[in-house]
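Novice: Heads up, here are the entries from TrEMBL:
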type     : residues : note
REGION   : 1-22     : region 'Disordered'
COMPBIAS : 1-10     : compositional bias 'Basic residues'
TRANSMEM : 50-70    : transmembrane segment
DOMAIN   : 57-498   : domain 'Major facilitator superfamily (MFS) profile'
TRANSMEM : 106-126  : transmembrane segment
TRANSMEM : 133-150  : transmembrane segment
TRANSMEM : 162-181  : transmembrane segment
TRANSMEM : 193-215  : transmembrane segment
TRANSMEM : 227-246  : transmembrane segment
TRANSMEM : 314-337  : transmembrane segment
TRANSMEM : 349-370  : transmembrane segment
TRANSMEM : 379-399  : transmembrane segment
TRANSMEM : 411-439  : transmembrane segment
TRANSMEM : 451-473  : transmembrane segment
TRANSMEM : 479-497  : transmembrane segment
Amino acid sequence: MVFSKLRRPGGRPDTYSAGDNEAAADRTLSTAPIQEAKEEELVDTPIPLLTWRSFLMGVFVSMGGFLFGYDTGQISGFLEMPNFLQRYGQQRSDGTYYFTNARSGLIVALLSVGTLIGALVAAPIADRVGRKWSISGWSAMVCVGITVQISSPSGKWYQVAMGRWVAGLGVGALSLLVPMYQAETGPRHIRGSLVSTYQLFITLGIFVANCINFGTEAMDSTASWRIPMGITYLWAIVLGVGISLFPETVRYDYRHGKVERATDTIAKMYGIPHNHRRLKEELDEIKQKYEEEMARGKVSWVQLFRGPRMKYRVAVGVALQALQQLTGANYFFYYGTTIFQGAGISNSYVTQMILGGVNFGTTFLGLYLIENYGRRRSLIAGALWMFVCFMIFASVGHFELDRQDPESTHTAGVVMVVFACLFILGFASTWGPMVWTIIAELYPSEYRARAMSLATASNWLWNFLLAFFTPFITSAIDFRFGYVFAGCLFLAAGLVYL
């Protein structure tokens, strides 16, 4: 049930007509609510596969994912930029600068501590003030965090780290709210793809950050890192201000007595008139779940685990989000520039940009798989594909690469880059987008906010652990760290199969 495909709405595939139905929806905005329509007055006109409103909503709200991806992509490059090293690193006896494992781990990982907290506190706030305005408020929090970072004086590396923690509060909250908004607003038949645009925009953010880092890394001044960092303001402001142009989610409006506004939103998103049978079915489903919730009373954290099969559902969500991190994707995204410098690649910023491009491009394959193949089968295949890639990557890095003089074993470095790209292909087309889609679809609406916050917090907890401890682990066991991720991937395939 959890991994089943979404179905298209009723009607022949060749009968979709977005323009006609969207026009019909606009013409009927002033008609009576669907509850007053008689059964014989309902129509079954063809439902558009995609309306421009639902497309814009899916794309625009996914800027929350772009923010996270952009931060992930830029921090990897910052750690190797000369000016950033001089300002916040430590000096060796020969005059060069470096980051200790603890310092680089904290600078990278404190964002994840903030995201974990943000994901947990966002749920009750969103239930109180709404999904829409919560997204706007947490976007402002990201701007505060960027201000703290970009104003950090020389030597105050801990201010950079704390700024990342503050920004993480906003990023973590958005990682919960964006899939929730899309799941509660998007048409049922494309809901999976809409939610997956969150992951698509994470990959786009990573790629854009890689490109900007490549363009600024040669600068000698603070502009090398302050320019890409300052551009984050643009993405946060666009999301925070632009969300005001979109409606509140259907379920939130209905639960707060705004039935007509919820009806209008459904009609616009589906591109159907108010007396359409699908609209009535959607409202009836929301009404039924709302009445069940009212009969039970407000769901507490304790009641979350007492609902029908909710212990199992929560466990599935938490496990999937943890395993998404344990695939090892962020091993490349957070520390890729450092990793490929160690592999003898002359310009690791170019390599990181290639990885980002592969990550973004192959996520479109994931959107296709979501709508055309089962989640379960795709997750198993993706885990096994990544398992093979990491086994080869780790073996070549440990047995073939000369770590004292990596440029003398250039072929080994190239092979590692190739299998890193193949790994990213597997991640971006399966575990990257699909986990977020499954989490958004997994829980009944009355439990969704709290359950999704727990699952998302699991993702950020493991994100922090891997971001902080990766420098220590790679110092101790070098590229054999890849075997650890390979083992986790084999375990992930087995758990999904069961």
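Keep in mind that glycine also has a Cβ here, set from the backbone N, Cα and C atoms.
Any idea what these are sitting next to in the structure?
Specialist: Among residues of the same chain six or more beyond the transmembrane segment (50-70), those with a C-beta under 8 A of the stretch's C-beta atoms are 18, 21-22, 115, 135, 139, 142, 170-171, 174-175, 177-178, 181-182, 185-187, 190, 193-194, 197-209, 231-232, 235-236, 238-239, 242-243, 246, 268-271.
Nonlocal intrachain contacts for the transmembrane segment (314-337), taken as residues 6+ away from its ends with a CB within less than 8 angstroms of a stretch CB, comprise 2, 72-73, 75-77, 79-80, 108, 206, 304-305, 348-349, 351-352, 355, 359, 383, 386, 390, 420, 423-424, 427, 431-432, 435, 438-439, 442-443, 451-452, 454-456, 458-459, 461-463, 466-467, 470-471, 474, 481-482, 484-485, 488-489, 491-492, 495.
Sequence-distant contacts of the transmembrane segment (349-370), counting only residues of its own chain at least 6 positions beyond either end whose CB sits under 8 Å from a CB of the stretch, comprise 6, 73, 76-77, 80, 192-193, 196-197, 199-200, 203-204, 206-211, 213-214, 217, 332-333, 336-337, 340, 378, 417, 420-421, 424-425, 427-430, 432-434, 437.
Within the chain, the transmembrane segment (379-399) has long-range Cβ neighbours (under 8 A, six or more residues past its boundaries) at 3, 327-328, 343, 412, 415-416, 419-420, 422-423, 425-427, 429-431, 434, 478-483, 485-486, 489-490, 492-493, 496-497.
Packing against the transmembrane segment (411-439) from elsewhere in the chain are residues 2-3, 179, 192, 195-196, 198-200, 202-203, 317, 320-321, 323-324, 327-329, 332, 336, 340, 343-345, 351, 354-355, 358-363, 365-367, 369-370, 375, 378-379, 381-383, 385-386, 389-390, 392-393, 396-397, 400-402, 452, 455-456, 479, 492: each is 6 or more residues past its ends and has a CB under 8 Å from a CB in it.
Cβ atoms under 8 Å from those of the transmembrane segment (479-497) belong to residues 3, 319, 323, 326-328, 331, 376, 379-380, 383-384, 386-387, 390-391, 393-394, 396-398, 401, 416, 431, 470, 473 of the same chain, restricted to positions at least 6 beyond its ends.
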Novice: Is it true that the transmembrane segment (106-126) and the transmembrane segment (193-215) have 3 or more Cβ pairs under 8 Å, skipping pairs fewer than 6 apart in sequence?
Specialist: no
Novice: Counting CB pairs under 8 Å, which listed stretch among 133-150, 162-181, 193-215 touches the transmembrane segment (451-473) the most?
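Specialist: Result: 162-181.
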Novice: Do any residues of this chain, six or more beyond the ends of the transmembrane segment (193-215), have a C-beta under 8 angstroms from a C-beta of it, and if so which?
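Specialist: The answer is 54, 57-59, 62-74, 76-78, 81, 175, 178-179, 182-183, 186, 227-228, 231, 235, 333, 349-350, 352-353, 355-357, 359-360, 363-364, 366-367, 370-371, 428, 432-434, 436-437, 440-441.
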Novice: Taking all residues of the domain 'Major facilitator superfamily (MFS) profile' (57-498) together, what is their mean pLDDT?
Specialist: 88
Novice: Would you mind listing the long-range same-chain contacts of the transmembrane segment (227-246), meaning Cβ under 8 Å and 6+ residues beyond its ends?
Specialist: 57, 60-61, 63-64, 66-67, 70-71, 74, 77-78, 132, 135-137, 139-140, 142-143, 146, 149-150, 167, 170, 174, 205, 209, 212-213, 216, 219
